[in-house]
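Peer 1: Quick one: the structure is below, and I'll ask about it shortly.
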Amino acid sequence: MTLTTMSEAIGRVRAVGAFNLVQLEMAEAIVAGAEQAGCPAILQISQNAVRFHGALTPLALAALAVAERAAVPIVVHLDHATDEALIDEAIALGVPSVMYDGAHLPDEENVARTAAVAVRAHEAGVWVEAELGEVGGKDGAHAPGVRTDPEEAARFVAATGVDALAVAVGSSHAMRTREAALDEGLIRRIAESAPVPLVLHGSSGVPDAGLDGAVLAGMRKINIGTHIGAVFTRTMRERLIADPELVDPRKCVAPAREATADEVSRLLRLISLGER
Ligand code: G3H
Ligand code: ZN
């Protein structure tokens, strides 16, 4: 098993967990969690994470290398890219899946730009995810009232040729509590209407039962960032408080990596295998 494609990963389980990473040890934790669960997983690098590092190449090559030595199928995915040049760069580096995020644009422009990205990506055999109906919350402003219309979703997929669609069904990005209530009826209606795998963003704010319900209703890719970042940071904080004299960063990063792997494994068993 190794670096794989999105269609291969999605075809193996009822839904695939996609986890955001900001540094090497989070990529290692996500892959270790996937190996523990025996499930495929997605390593996601967001445009924001790229901006943090100042470049895509170091993080993308690290993620691709970690994926290649994994014991389960792993996809590397560029997440929430609004910069089309960054998408081209990811494709050139061998990243097999990208998200073009035009959800903030006027509808017509979102369709035109997404369709153009899809043509270029497909020429290179790369999977394309797009977003319709802004999930919101990336800049601190939650948009819990925004919803994707099922018929519009079908028209958007037909007009753009995308392979997967992120939809707004009640979650918001960067929630620190897991209390979002998803509209499962709406997920069902969109899944019936749009002929591509649906993606749930902002899944950190969704409780376990809600994640299971979302998958049963038709979600095929579940994006989790804030929650696993919180597990990583909390574990480092505990370690640093327990040993204020600690100087070797590995002494706090290793337990954080381990705790994150355990939580990724638990979430994958829920999302991909339906174990609760
Ligand atoms: O694209 C990334 C996800 O939607 C993560 O959202 O940080 O709220 O879990 P989250
Ligand atoms: Zn997202």
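Note: Cβ is positioned from N, Cα and C throughout, glycine not excepted.
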Peer 1: Which candidate from His80, His104, His122 does TrEMBL annotate alongside His173, His201 at the Zn(2+) 1 binding site?
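Peer 2: Candidate in the recorded Zn(2+) 1 site: His80.
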Peer 1: Out of Asp101, Glu131, His173, which of these binding-site residues is nearest Asp79 (active site, proton donor) by C-alpha distance?
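Peer 2: When the Cα distances are compared, Asp101 comes out closest.
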Peer 1: Taking only the Cα atoms, work out how far Glu131 (Zn(2+) 2 binding site) lies from His80 (Zn(2+) 1 binding site), in Å, as a whole number.
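Peer 2: Distance (Cα to Cα, whole Å): 9 Å.
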Peer 1: So how many other Cβ atoms are close to Asp101 (Zn(2+) 2 binding site), meaning within 10 Å of its Cβ?
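Peer 2: Result for Asp101 (Zn(2+) 2 binding site): 24 neighbouring Cβ atoms inside 10 Å.
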Peer 1: Just to be sure I understand the packing, how many Cβ atoms besides its own are within 10 Å of the Cβ of His80 (Zn(2+) 1 binding site)?
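Peer 2: Cβ-Cβ neighbours of His80 (Zn(2+) 1 binding site) within 10 Å number 25.
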Peer 1: Note down the number of other Cβ atoms within 10 Å of the Cβ of Glu131 (Zn(2+) 2 binding site), including every protein chain shown.
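Peer 2: Glu131 (Zn(2+) 2 binding site) is surrounded by 25 other Cβ atoms within 10 Å.
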